[in-house]
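Novice: Here's a structure for you.
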């Protein structure tokens, strides 16, 4: 960005009425309230309004297909909306509106098919819409109109045909419920000083714009949007562009419906004045949050991150303003609406007094992720949702680059292996995984689109693009991005378009030698599911690849044109230093690895694959870790741990070899290896914490974490301060948490004393924000109803979202079943637990060994109800409640759950359910083969 900020707060003010109503219009028009009031009223049950009614079963007619026909293309929308922020006589919140869409006819047709869902439309001469021709074009008369509920269409059948090359205008008037379902145009409620406040908000991605106004609701159907919002005095209205909506200078900018946003609230904002930049940047939130300084950190990093992406893409930010707003109720973490990015409060607001270091990092990465989309996703947009991975995978990769630019001392780029690569590996090692990209016709229904928003699209996409950037080099990668963005600006593309531009960048870089074209290399990574394990035999020099599967005996039924083989870039090193890059282009090959020295492949974990070695090389690596672990790069120490445990889970190496990689941890002080170790060990905790292995495992880990605990006891004045280093603060949290988990003497006493001190003086919480999640959880677990009720009161009293999250999660740590059951019931009451938080609360309860069976029974018994509300993340819910499943009985219950609810359905959780069955099956087999070995090893180490 680099040219500063300035504030502009122009609003269109309506005159000539007793109660003045402000109007926001994208073309800066002034609308008189009396004119609006004189329009046809749109009450919920007006006799002139046609409700949506069921239709006959689907046929092969165009209105029964989930994809729009290619006959019409929108040019512009003129939309007026009036959300009522108070209840009507029927106790409902509603909005009314009108829309005019101008479209071009591409092919002759007698049908207008446009998305419209849960809106009641007003009749015009007996029809739901009216049609006129533009530029003196005659429009055919309307024959009939109806709603097609299953495919969410308004269908307009004409007496004549629309002519190719001619423009027409379709107008509608409508009303809808401003519900609290977190979709489309919805409402959020919160209390400030005991007064209930209501906010009207939008969330259009992926298929919810049709709930706000009739539209051609597909990403390739880009158009210009003129938006007018009518709102009460004392409230403000925001939309995608300046003047609190679109202005004349932006009329040439087209965008997709899923990026449209508008908000009416009484929020306020902060901004920053800089020189020489015609760009307005603001952070919006509740008034108390802004006055409390909670938006300051987000504002401070927005400018450098915008500057970074402008330089990285070599493309200016195309809009004249960038608003970011924190919302009390928001289903996603954040949404990249162009010019008006929406966030959960935890993803944008930071209070130094109560927010932890992790909260700060989350804000930096989420803001960076969303701002990356302003170019990659918004300026150039995917043609269809089958290529969602390109949008989200790219933003998930470069979020680390933007955050690193804003916070260069954090060394955050390496954390991609923890938060994306290893998450992707966990899912992509199952036969129920799927390729990054699939055919368009495989993704049609809204539920199928929703399923694409998953770990594969985000995290595998990030890991694969990072690998591509590494072997191309970042400058070449960035050059390809620049020409790609320039060619497809304000348009749509498919993944192969990016490959074309990256290949052109390669061709212009003679010194860069690739074994194949970018298309040929990368299509093997995105058009087939899974990833390889590369096995290196340092004795023979043989290098081979094999599709890595968590359950080695599982059958892969999905065919691959590449036979599950990949073109693999191998960066490697030995004790003497880093070596020249290798490419494995067949099933196997050979290389000279210089016997006698240890070999380490996938340096900096830049490749999306796991690595196995011959036993002698494993022993050399273990010897190096135990003698001088710092010779091996930090990120690769984490890789050795994670690869070894997952190779053992897949029965490729012995589990005792994997366990031996943890012995050096008593020497380790770095965050990334410790975090990787904990994640691997957590998979053992989940299957052994109900068995006789648990005691011996605790004893071993207690010894391993003691030096780390003692280290932080020493450098923090007996836990009275936190270390200065960003990652050291994360390691301190691990030391405290694992010490308490394994029963290290003194740890739980410290925690209980801190919590008791807070209970005695609730207005003076001296527990450091970094340590609160750990302290709250273990104190509530060790206590009873008194501690739980205190935690609940503090949760309801919390005014900072990050603090509320810590308390809400900690309340799930109690060991009292009746409290956990009561807490589960709370998740069904939005007055107690917000709808956006219900899924994660149930997940927290299920992570508790006492709460897991309670959460499972709760979800099973209420699945039809939960599914009907639509407010839950079903994929996450299923993953959380089945994480501990590892017995034949639990597998049978899981399959019965699938059978019992086949008619109800699982929506976005369909794939997660199949993966849960697969993972449970694999764990049962693994335990049969490995439990005794694990038990004996832990006993031998803790003797």
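Just so you know, glycine gets a Cβ as well, placed from its N, Cα and C.
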Novice: Looking at 20-43, 44-67, I want to know which stretch TrEMBL calls region 'Disordered'.
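Specialist: Going through 20-43, 44-67 one by one, TrEMBL flags 44-67 as region 'Disordered'.
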Novice: Scan 12-33, 78-99 against TrEMBL and say which stretch is down as transmembrane segment.
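Specialist: Matching range for transmembrane segment: 12-33.
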Novice: Centre the Cβ atoms of 369, 373, 392, go out 8 Å, and tell me which other residues of that chain have a Cβ in range of the Zn(2+) site.
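Specialist: These residues sit around the Zn(2+) site: 336, 370, 372, 376, 377, 391, 394, 395, 396, 399.
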Novice: Take every residue in the domain 'ERAP1-like C-terminal' (598-920), average their pLDDT values, and give the whole-number result.
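Specialist: A mean pLDDT of 94 is what the predicted model shows over the domain 'ERAP1-like C-terminal' (598-920).
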Novice: Sorry to bug you, but what's the C-alpha spacing from residue 392 (Zn(2+) binding site) to residue 370 (active site, proton acceptor), rounded to the closest Å?
Specialist: 10
Novice: Roughly how many Å separate the Cα of residue 369 (Zn(2+) binding site) from that of residue 458 (site 'Transition state stabilizer'), to the nearest whole number?
Specialist: 11
Novice: So what sits near residue 458 (site 'Transition state stabilizer') in its own chain, CB-to-CB under 8 Å and at least six residues off in sequence?
Specialist: 389, 392, 393, 396, 420
Novice: Are there any residues in the same chain, six or more apart in sequence, whose C-beta is under 8 angstroms from the C-beta of residue 373 (Zn(2+) binding site), and if so which?
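Specialist: Expected: 336, 391, 395.
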